[in-house]
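Taken from TrEMBL, the feature active site, nucleophile applies to 410. What TrEMBL records for 410 is active site. According to TrEMBL, the S-adenosyl-L-methionine binding site annotation covers 285, 314, 335, 383. Under the heading domain 'TRAM', TrEMBL lists 3-61.
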Ligand code: SAH
Ligand code: NI
């Protein structure tokens with residue numbers, strides 16, 4: 001092996017991208033990861049650091065640049081990871097993210113060259129996010145809102161977040177200015193002092209209703225009335241202002257205590273022609289038009305009929321099950337966040353749907369209960385968080401004879417792992433459709449169809 005020293009310079013070609021969008025370079029088989037370097041580019045690379053198996057380098061000079069490079073991207077979006085793929089042309093982002101799914105299926109599920117469908121692009125490729133979680137910190141003595149530099153908690157002040165709805169950016173800037181004006185203190189996580197930790201803003205895509213959440217270290221909120229008056233006067237679309245108290249020192253954004261500061265404790269949006277109340281602790285897909293495309297694909301894969309009993313596991317506020325409930329016999333939903341289950345029940349009512357049952361609990365437990373109680377689903381739809389499905393969920397689900405499992409995943413690695421288990425238990429992977437809910441970032445969603453092949 002070549003011996004590498006810090007600050008050595010090599011002339012090399014970038015051969016690939018990592019999952020998170022760094023360029024990959026190999027020198028005598030030893031990999032270096034290089035920020036802001038695209039496949040095909042020839043660079044002079046400076047060695048930053050090395051370890052046993054891999055190293056980090058940085059671009060000293062671009063000798064050639066990729067035809068797919070986007071040149072007008074603000075580098076803060078790469079440095080913070082707000083848009084870790086922002087330097088790559090959108091069509092190439094889609095190709096790369098699809099390729100990663102193909103590779104994971106090949107590596108984990110031993111499915112070489114599985115015909116993963118072309119990724120469906122997002123209707124909007126910038127300004128799409130309906131939610132922002134913005135850290136508030138003091139930078140050189142001034143309260144700032146922005147984003148952390150990757151792998152650190154150094155705040156980079158940002159005003160235009162590029163992938164968020166611009167109305168959300170406006171609210172964040174106004175909040176920052178009001179916090180400064182009223183002399184409120186930014187959180188200091190090293191000393192665990194200060195007051196405002198995060199500002200979370202949600203804006204319903206269809207209705208424009210806005211919710212603002214102040215995440216604070218303590219409950220008592222100095223000068224809150226003046227601040228709320230000014231903010232709601234400036235933004236009549238604000239329907240809800242909440243406070244969340246988080247006294248812990250960890251990385252979780254929310255603590256467990258919520259206070260309603262203004263208006264109501266939810267906002268209402270419309271998806272696939274149905275209305276949804278969304279409360280602060282509930283999950284809601286951040287890219288509404290692209291999520292509608294994803295749900296429509298899942299419903300297409302489910303191939304539902306009027307006699308079907310369907311399980312909607314990890315149901316959130318009900319956005320998937322409620323969009324097809326009128327086409328089937330019954331929908332059973334399970335979700336662990338109580339506030340989201342309350343939303344789902346109310347959302348069923350709002351849309352005049354009464355053939356749904358929502359249970360609060362862990363899907364892996366409730367799925368087993370349903371099997372014991374004799375619920376016989378024809379289709380099981382799952383939409384778990386990144387860690388994927390629990391082994392006990394998979395064994396219960398595979399034991400009840402559903403004709404298909406429709407699996408929505410935000411993490412192809414755990415999806416591929418779970419596919420292996422379903423295949424061992426009598427299902428076969430038929431289709432995988434990536435849908436890009438997260439343009440300019442390395443994230444992507446997919447929907448997979450598994451059908452029953454043996455009893
Ligand atoms: N289908 C919904 C939510 C998907 S996100 C939508 O499209 O909006 C995943 C959801 O799973 C979140 O609402 C999260 O609270 C929930 N969840 C996480 N772990 C869970 C578990 N073990 N059992 C049930 N729900 C869980
Ligand atoms: Ni990732």
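Including glycine, each Cβ sits where the backbone N, Cα and C put it.
The structure, with features from TrEMBL marked on it.
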residue : record                               : Cβ within 10 Å
285     : S-adenosyl-L-methionine binding site : 21
314     : S-adenosyl-L-methionine binding site : 20
335     : S-adenosyl-L-methionine binding site : 28
383     : S-adenosyl-L-methionine binding site : 26
410     : active site, nucleophile             : 18
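For the recorded site, residue 314 (S-adenosyl-L-methionine binding site), the DSSP three-state label reads coil. Between the CA atoms of residue 285 (S-adenosyl-L-methionine binding site) and residue 410 (active site, nucleophile) there is a gap of 11 Å.
On the 0 to 100 pLDDT scale, the domain 'TRAM' (3-61) averages 96 in this prediction. In this structure, the C-alpha atom of the residue listed as 'active site, nucleophile' lies 17 angstrom from that of residue 335 (S-adenosyl-L-methionine binding site).
Excluding 285, 314, 335, 383, which define the S-adenosyl-L-methionine site, the same chain contributes 283, 313, 315, 316, 319, 320, 384, 408 within 8 Å (Cβ to the Cβ centroid), listed in sequence order.
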